[in-house]
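See below for the structure under consideration.
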Amino acid sequence: MIHSRLIIIGSGPSGYTAAIYASRALLHPLLFEGFFSGISGGQLMTTTEVENFPGFPEGILGPKLMNNMKEQAVRFGTKTLAQDIISVDFSVRPFILKSKEETYSCDACIIATGASAKRLEIPGAGNDEFWQKGVTACAVCDGASPIFKNKDLYVIGGGDSALEEALYLTRYGSHVYVVHRRDKLRASKAMEARAQNNEKITFLWNSEIVKISGDSIVRSVDIKNVQTQEITTREAAGVFFAIGHKPNTDFLGGQLTLDESGYIVTEKGTSKTSVPGVFAAGDVQDKYYRQAVTSAGSGCIAALDAERFLG
């Protein structure tokens, strides 16, 4: 069994920032990059241009930003492993963590496994198709991209998050279409009224996108009316999934307190979870903001909390 004083599960802005702070505090953390969001390094590894992370006035590629963070953490003494932690035991001290390759133990643990955007299996939406080439799951992250400016954009969903995305996208697109397979929304009445009163938003009821097409970027969508089965093709520059996120917490086996949506519950103003010595950072405990910079900040908090815990 391999022991480390501090193990960080997950990478991305929260995991790497936690590692930078922890390694500078001479905690010699072991970081499992993992593939919880589908790729080692988190969701930013599938993002092209990141324009809202401080310090990069011209923007920076998502993979470049993550590689920079990783290099910084490693330079200060973090050891990284490209493995997934598949199970944990927080009932014993030191904590026991298992990957497919090895068993590890630690005195403190930071969970930074993120949350994965729920996606529909639509032709054209895959990672090797138009994902991050016009198809995305974060309007705030990607909406200002030049490929969306003054173009027709489509949001899939019917809840508050879908309408928030649609309202945000009206700043950039020429028109925003909300595609919903039912004839009424799940969103709050106040949010629905705001969207209904926005002349740049149109609702496509009883409809679903069945195909996304383009060349190097998205150019069109096929939309099916679920009642008549009629399919129409429309010009489109962007398709935004707004059907929720799933926090990557299944591997915890119910050992930490989660909220009703599966996010890790932390003590207000800290990264402390329901188990002393276990801390959470990033999107795995943040259902509201989900930004690279807020994730990085929470990673810093988790490292400082872990340092104080370890003494």
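Glycine residues also receive a Cβ, built from the backbone N, Cα and C atoms like all the rest.
The FAD binding site annotation in Swiss-Prot covers 33-43, 283-292 and rests on similarity to another entry. Taken from Swiss-Prot, the feature disulfide bond applies to C138-C141, supported by similarity to another entry.
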For E33 (FAD binding site), the number of other Cβ atoms found within 10 Å of its own Cβ: 24
The one of K287, R290 whose CB sees the fewest other CB atoms within 10 Å, among these binding-site residues: K287
Subset of binding-site residues (G42, V284, R290) lying within 10 A of C141 (disulfide bond), CA to CA, in sequence order: R290
Residue among the recorded positions C138, C141, V284 whose Cβ has the most other Cβ atoms within 10 Å: V284
C-alpha spacing of C138 (disulfide bond) relative to K287 (FAD binding site), in angstrom: 13
Spatial neighbour of C138 (disulfide bond) that is closest, considering only the binding-site residues E33, G42, V284, R290 and their CA atoms: R290
G42 (FAD binding site), number of other Cβ atoms within 10 Å: 32
For V284 (FAD binding site): DSSP state (helix, strand, coil): helix
